[in-house]
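S.K.: Feature annotation from TrEMBL assigns transmembrane segment to 6-24, 45-65, 71-92, 104-122.
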Amino acid sequence: MTLIDLAVVLVVGYFLVTGLTFLVRPESVAFYGLSADGPAGRTEVRCYYGALALGLGAFVGYLGLNDLGREAITGVLMIASAILVVRVIGAFADRGWSERYNRLAVPTETGFVVALGAVLFFG
């Protein structure tokens, strides 16, 4: 198993766990300081946190199984980088640095982006 293959397995696992968590327990967004109030809010969490994560995981897995692991990790790196950039800009624009979630998410997402870049560089 190559480093890229391992990264694909880990990314699929992450998306699977994340997707299932929000699909089954949409109120889990409260951990991030968010709320899913009412039926529409819970459905939205299930769709965009749950189903989207499951779909991305399935797509990354599909690419990995078809010897396109490097492309899969590149795609995840692009998505993760875009999320990180928008989160940093948003935290400044919305004055959200005092929020516990932003203070946790930015270093975590930075580490994820660096790790994906390292996998592509060394893998």
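Positions of Cβ are set from backbone N, Cα and C atoms, glycine also.
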S.K.: Give the nonlocal contacts of the transmembrane segment (104-122) in its own chain as ranges (CB under 8 Å, at least six residues past its ends).
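M.R.: Long-range Cβ neighbours of the transmembrane segment (104-122): 3-4, 7, 32, 70, 73-74, 76-77, 80-81, 83-84, 87-88, 91.
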S.K.: Residue list, the transmembrane segment (6-24) vs rest of chain: Cβ under 8 Å, 6 or more residues beyond ends.
M.R.: 45-46, 49-57, 60-61, 63-64, 69, 72-73, 76, 116, 119, 123
